[in-house]
């Protein structure tokens, strides 16, 4: 699995990078990674099952949580086969078509997670700042429209950049820098004109991740202003507590993205293992932590999960 110069590639085959220099320890690394993926699948499937089966959770807040869990579940599924395949010694290469498909889902799901977190901040803003109109604003029909808009925004607009990857000429060594395929990684290996993809991808990041983070921050400024205007201290604490889970989910999503960006930008002198590890943290931390956060911090979810695993129906 080492990246030796004599390795023969076809024109459409790329070598995946595991943890450089730690090849002899892959079995031991594979065990915690397999456990993490199992937790991702179990945690998010449990959240989806509880929301689907509990009639009392059929509310806007939990519909958005279901969208988040579905996004995290798909993120885990889209990367599991290459990450665990490398660590268990099952695969070392990936075809261009599969690589492009994986890149499409990874980036699309990242944009989708950001969009869902923005929708959840809007939900919290309405619930706290305009509670009397909450049910009339966030109707079932409107939530469906928001969900469709999130999917279109996340996956439609990245399609032109992803499709162009198929027609690039890849003349540099076909060695990817992660255990999965990223758009910027394929651009790095291309000898074609990548200006459109570079600027288009930058524009998408600005119009999604950056814009979403600014809007989420703005919503919490308004929420904070509204909560501080409440006379009762107990009511202020109660209002803040309804936002704790969402704030944690936002931090779990944006901190790894910022950290990975900083490592790529300023950490070129760091070991390749650091880059690979940060890439896996960016991919796996939100899907792993979000079910835990909402199970611990959201009383309705916590009580239903306890009832589910204790075998009680009511």
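Note: Cβ is positioned from N, Cα and C throughout, glycine not excepted.
Looking at the domain 'G-protein coupled receptors family 1 profile' (43-294) alone, the prediction's average pLDDT is 91. The annotation domain 'G-protein coupled receptors family 1 profile' is assigned in TrEMBL to 43-294.
Taking Cβ pairs closer than 8 Å, the transmembrane segment (26-51) reaches residues 1, 18-19, 57-58, 62-63, 65-66, 69-70, 72-73, 76-77, 80, 83-84, 86-89, 280, 284, 287-288, 290-292, 294-295, 301, 304-305, 308 in its own chain, all 6 or more past its ends. Marked as transmembrane segment by TrEMBL: 26-51 (among others).
Here TrEMBL flags 63-91 (among others) as transmembrane segment. Residues 1, 16, 18, 26-27, 29-30, 33-34, 37, 40-41, 44-45, 47-48, 51-52, 102, 105-106, 109-110, 112-113, 116-117, 119-120, 123, 143, 147, 150, 179-181, 249, 280, 283-284, 286-287, 290-291, 294, 298, 301 of the same chain, all 6+ positions outside the transmembrane segment (63-91), place their C-beta atoms under 8 angstroms from a C-beta of that stretch.
Among the features that TrEMBL reports, transmembrane segment is placed at 103-122 (among others). Among residues of the same chain six or more beyond the transmembrane segment (103-122), those with a C-beta under 8 A of the stretch's C-beta atoms are 61, 64-65, 67-68, 71-72, 74-75, 78-79, 146, 150-151, 153-155, 158-159, 162, 165, 180-183, 185-186, 204, 208-209, 212-213, 215-216, 219-220, 246, 249-250, 253, 257, 283, 286.
According to TrEMBL, the feature transmembrane segment maps to 143-163 (among others). Within its own chain, the transmembrane segment (143-163) is flanked in space by residues 60, 63-64, 67, 100, 103-104, 107-109, 111-112, 115-116, 119, 183, 196-197, 200-201, 204, 208, which lie at least six positions past its ends and keep a Cβ under 8 Å from the stretch.
The transmembrane segment annotation in TrEMBL covers 199-223 (among others).
Note on the transmembrane segment (244-267): residues 68, 110, 113-114, 117, 120-121, 124, 209, 213, 216, 220, 274-275, 278-279, 281-282, 285-286, 289-290, 293-294, 297-298 of its chain, located 6 or more positions outside it, place their CB under 8 angstroms from a CB of the stretch. Marked as transmembrane segment by TrEMBL: 244-267 (among others).
Residues or ranges marked as transmembrane segment by TrEMBL: 273-294 (among others). Within its own chain, the transmembrane segment (273-294) has Cβ neighbours under 8 Å at 17-22, 33, 36-37, 39-40, 43-44, 46-47, 65, 68-69, 72-73, 75-76, 79, 83, 106, 113, 177-180, 182, 245, 248-249, 252-253, 256-257, 259-260, 263-264, 267, 301, counting only residues six or more beyond its boundaries.
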